[in-house]
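Accompanying notes for the structure given below.
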């Protein structure tokens with residue numbers, strides 16, 4: 001047993017300069033855990049509630065002192081003395097203490113900070129790296145990095161409709177080789193854009209954010225960059241998209257404002273079909289809005305044997321919503337974000353449910369990040385085979401990629417790179 005001795009929260013800043021929560025948790029055997037909570041720019045309505053202060057005179061209303069107070073004055077007294085290694089009991093207590101379906105009283109950012117801090121303290125107490133503590137001896141698969149090399153949507157100014165254009169370097173023997181390829185394509189893309197007279201400023205997640213005429217133009221430049229870097233599009237490196245369609249969906253009209261026009265779901269489905277035929281796309285995240293269950297089921301039936309359709313806003317890492325998607329055949333892949341559901345235990349439940357039902361899982365960062373590397377360890381621990389954590393730029397993104405390099409080295413000959421097996425769509429390129 002590693003009894004919790006103290007819990008303390010403070011307000012810090014994330015990668016966008018917005019306040020977030022840091023929690024420090026100490027146990028009686030000298031272990032210490034640090035919980036750093038990320039934050040999203042485009043968020044699903046069904047996500048657990050992120051508690052913000054709302055005082056416009058302080059950090060423009062984005063302060064989190066209320067969440068900090070909830071940890072220090074409400075959660076801490078209840079969890080002191082509990083066993084940090086009993087993650088389920090700790091998380092269940094905080095959920096019960098909150099008493100709402102979406103953690104809408106204490107705040108998911110307060111609860112997750114404590115949940116993560118306890119996880120790290122427990123791993124340190126057990127003298128195990130985090131991936132080994134979570135996954136036991138089974139965790140050994142290094143994930144394919146889905147690298148967001150062009151930013152649009154809510155992550156950039158002058159944006160295209162599509163929020164993230166990612167490369168997926170799956171045609172390699174090791175993670176380190178795949179990372180190298182991704183980095184080389186990223187740097188090559190900068191030169192490709194410069195030659196076209198396009199800006200190479202960066203978006204929230206480190207990808208380039210030039211002003212594009214069409215969504216397809218972004219894909220064409222990425223294809224050029226892959227080839228110019230010496231790699232084969234499709235065979236070695238595929239393309240993944242995060243459309244984030246809820247961001248440009250109008251509830252009143254039931255239409256998507258896309259490419260400058262109001263489009264219905266049939267138009268969007270046809271657009272995706274043509275895109276998949278034209279480019280080596282292996283993954284599309286949030287192709288339809290977060291309550292468009294029937295449209296999700298339709299596209300999964302039409303194209304789900306060719307690529308993965310990843311539910312982010314649709315599932316929000318919530319086992320209840322994921323179960324609905326499984327039953328309806330809506331989507332075939334889960335995006336995993338710890339702060340969408342708000343506890344480590346519920347996150348692990350969602351991954352397990354996805355795996356048991358033949359869904360892939362992609363562990364993800366948020367646009368407002370910290371130097372925390374939990375998602376790297378989590379991806380290996382649960383052998384998810386996929387991670388998305390931005391471009392190979394900006395310290396908070398690089399930290400995750402570097403942590404995976406460390407894990408690969410630690411695992412040695414037992415390390416396995418997910419590669420082609422991570423994606424259904426890759427089969428047609430083998």
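Even glycines carry a Cβ here, placed using N, Cα and C.
Features as listed in Swiss-Prot:
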type     : residues                : note
BINDING  : 163, 337, 366, 367, 388 : (2R)-2-phosphoglycerate binding site
ACT_SITE : 205                     : active site, proton donor
BINDING  : 242, 285, 312           : Mg(2+) binding site
ACT_SITE : 337                     : active site, proton acceptor
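Features per Swiss-Prot, on structure.
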| residue | record | DSSP (3 states) |
| --- | --- | --- |
| 163 | (2R)-2-phosphoglycerate binding site | coil |
| 205 | active site, proton donor | coil |
| 242 | Mg(2+) binding site | strand |
| 285 | Mg(2+) binding site | strand |
| 312 | Mg(2+) binding site | coil |
| 337 | (2R)-2-phosphoglycerate binding site | coil |
| 366 | (2R)-2-phosphoglycerate binding site | coil |
| 388 | (2R)-2-phosphoglycerate binding site | strand |
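The sparsest Cβ neighbourhood within 10 Å, among the listed binding-site residues (163, 367), is found at 367. Ranking the recorded positions 205, 242, 285, 312 by the distance of their Cα atoms from the Cα of residue 367 ((2R)-2-phosphoglycerate binding site) places 205 first.
Residue 388 ((2R)-2-phosphoglycerate binding site) sits 12 Å from residue 312 (Mg(2+) binding site), counting Cα to Cα.
Of the candidate recorded positions, 205, 242, 285, 312, the one lying closest to residue 366 ((2R)-2-phosphoglycerate binding site) when CA atoms are compared is 205. Annotation: 337 are the recorded positions among 163, 205, 337 whose CA atoms are within 10 angstroms of the CA of residue 312 (Mg(2+) binding site). Among the recorded positions 205, 285, the residue whose Cβ has the fewest other Cβ atoms within 10 Å is 285. For the pair residue 205 (active site, proton donor) and residue 242 (Mg(2+) binding site), the Cα-Cα distance reads 13 Å. Neighbour counts of Cβ atoms within 10 Å were compared across the binding-site residues 366, 388; the minimum falls on 366. Counting in whole angstrom, residue 242 (Mg(2+) binding site) lies 6 from residue 163 ((2R)-2-phosphoglycerate binding site) by their C-alpha atoms.
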